[in-house]
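*Asks:* The structure is given below, and queries will be raised subsequently.
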């Protein structure tokens, strides 16, 4: 257990990876692998699939699909069950990791035979088909979220107390690598233009990968890694075993802590300021002619920066106080949202357009990664290992919810505040072409869809103003005060 006398004001020299004890290095790599597996379906669900759906659905309809990511933000509701129900023979955390990874693998195999067709049919009947697609991805994300609860709790006992900040580093590196493969690599290899330009000597009309084949490959990989984990890794025995009711009671006690309530409020509003940038900027660039292969190239260039920054941000959180680092990155992320809007407004800007997009992407990634690693390190410091799965998941869930629940509304508002009309010179008359189906109808009829007001600009500026005001008036002073508290302020009595 983390000593109760640990003061978050303490600073110490951050250890490099190779100076860690051998046991912590091995467990760090195991955590990276487990988080990497989570990143595979999450990268598809939150990255590639919305991008591929843009040619079939409007922003508001993509907002409906964004509901598929909600399990990651609602896992607090069943985390006490994961903490309380387990087999002594299998191990407290493996009791959940093994079946969830197995079900995820089987789910990807099932989707691997249907996902492409489901995605192509999502736009039929004014987007009615998106609900069926959303339900299946919701189920897959639910299984990943349940696995994440167990892995978060296991991290608190796998790593020694003095190196707990490396849990957030492992999470960042693993999830980023998985997301990179499912977003960047998949988009690149599924694009016929990218494959013909950079890989093939003879051009073809199809990419090297399809969504179905990618899901099938990783479905089998999931099952293979799960088998290896079951046979090769023994979990240390755990003595305590609370009932589900006791764990929910414990969670209720945590939620009643005044400091936790303030921290939760900070998490729920903190990401609104840059939500339009996170959810809409890449889709808007696609609307303005930014190609799939250039997006893949942009994220490919960005990837080593993201991995490296994830590692060094963990060290910065050890050397400096993590919430202070988080506040620095918060301001940078607001600036990144404004920079992104300027890039979208001026795109395409001759030969420098791609370079500006790459710089904007790296800047946004830099600030986002530092924020994530810093706040995750703070979560690990204040969590009680005795109820680690519940405590860590509560904090991570509220943080995720702060980034998830606004997305549906942000995407809807982009459509609401947009004004676009289709001009039909030969036939005369106009009709609204804000929705994607209406844009296609306009083009098919030989018309031109003229955007008179782009809702993205309005919504992004509104978000940045909200984020700036709340940061300086509430978030920053409250967060720094919470950081100054002793560990006893985060513990339940008795």
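Residue numbering: from 1, along the chain as shown.
Placement of Cβ uses the backbone N, Cα and C atoms for every residue, glycine included.
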*Asks:* State the residue range annotated as transmembrane segment by TrEMBL; the candidates are 54-74, 75-95, 96-116.
*Replies:* 96-116
*Asks:* I'm validating the feature mapping. Which of 3-25, 325-347 is tagged transmembrane segment in TrEMBL?
*Replies:* 325-347
*Asks:* With TrEMBL as the source, which of 197-214, 215-232 is set down as transmembrane segment?
*Replies:* 215-232
*Asks:* Which stretch from 136-160, 172-195, 456-475 shares the most C-beta pairs under 8 Å with the transmembrane segment (253-274)?
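*Replies:* Selected stretch: 456-475, with the most Cβ pairs under 8 Å.
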*Asks:* Taking contact to mean 3 or more CB pairs closer than 8 A (sequence separation of 6 or more), are the transmembrane segment (28-53) and the transmembrane segment (390-410) in contact?
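*Replies:* The transmembrane segment (390-410) and the transmembrane segment (28-53): touching, no.
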*Asks:* Who are the chain neighbours of the transmembrane segment (215-232) in space, where the CB to CB distance is under 8 Å and they lie at least 6 residues beyond its ends?
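*Replies:* Long-range Cβ neighbours of the transmembrane segment (215-232): 33, 37, 40-41, 44, 94, 97-98, 101-102, 104-109, 111-113, 115.
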*Asks:* Taking the transmembrane segment (136-160) as the reference, which of 96-116, 172-195, 325-347, 353-378 gives the largest number of Cβ pairs under 8 angstroms?
*Replies:* 96-116
